[in-house]
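Below is one structure, written out as structure tokens, with a few remarks after it.
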């Protein structure tokens, strides 16, 4: 599925009804038209850019000062950077849709900029998985966390996730190119699988669906099921705001990426002559724009989570975000849980 144009498979211009181009009138004058989905995508892109750049830049600014000493700040700093990179590419994608998919920015920009949305998808879900593992260890392995949970280890984990995300984005870099539209003067930027094996498009679609959606969904569901059971069974951990924030972020990720993943699989598996394919293809820009909403919702979640009953209007946005993303009660509870565990084991050894 292509973040730029509605053509996400092999480039071909043969139409079943024998006409050179179904959108071209009989007099040969091609008048490009904008689909309703494209108009909706433009509105969403504009809103996401305004909110996403401002919000994520604020999160980066707040967490950058905390990242030297707190693990939570490192997690959310990297999430904000991934979202901010995607949001900064939006003006170019916006321009491409306004120009009816014409790409005036050159070959290198075609390779890099649209691929940022995939880099954001993979880096976000891998970072969310890492954050979830951190939450899991804090609850179930508090002694280990007291010894080894340090900012240095968190930075190493983030580095690994970024490398993996880049590796998973390689197919977009390899198969994306620009070409001239034979029916107009437009230059198009899209995915071309014609030079790869016949199965490459389906293989990439399956990889993207499994690694970027299904497997993380199953893993995070299992992880948070155990976390919620343990969290609500202990009074000391019932007010863990970071756990709730992470769960909200994870939920938004899967909700906004679901249309993109579903339509991507449909476009990869159905023949281009299928009426279903053509209908889904018209929704391409809209589904990509919905995925982009995920890039701006995290700062909103942080602010909403930090709106306490007292002093809502007196507190500034940076202080709200700093409070939400700080090392919360869960970290303190792990310390108390560690002490209680050690005390219990000491009592058992004395009894023996």
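Every residue gets a Cβ built from N, Cα and C, even glycine.
The membrane topology recorded in Swiss-Prot splits residue 36 and residue 230 across the two sides. Feature transmembrane segment, per Swiss-Prot, maps to range 203-228 of the set 203-228, 307-332. Within the listed segments 12-38, 39-65, Swiss-Prot records transmembrane segment for the stretch 39-65. Candidates 9, 279, 334 were compared with Swiss-Prot; the annotation phosphoserine appears at 334. For residue 189 (disulfide bond), other Cβ atoms within 10 Å of its Cβ number 27.
All protein chains shown were included, and the count of other CB atoms within 10 Å of the CB of residue 110 (disulfide bond) stands at 22. Taking every recorded stretch in 112-133, 203-228, 245-267 and counting its Cβ pairs under 8 Å to the transmembrane segment (71-94), the highest total belongs to 112-133. DSSP assigns residue 110 (disulfide bond) to a helix. Against the transmembrane segment (112-133), stretch 203-228 shows more Cβ pairs under 8 Å than any other of 39-65, 203-228, 285-305.
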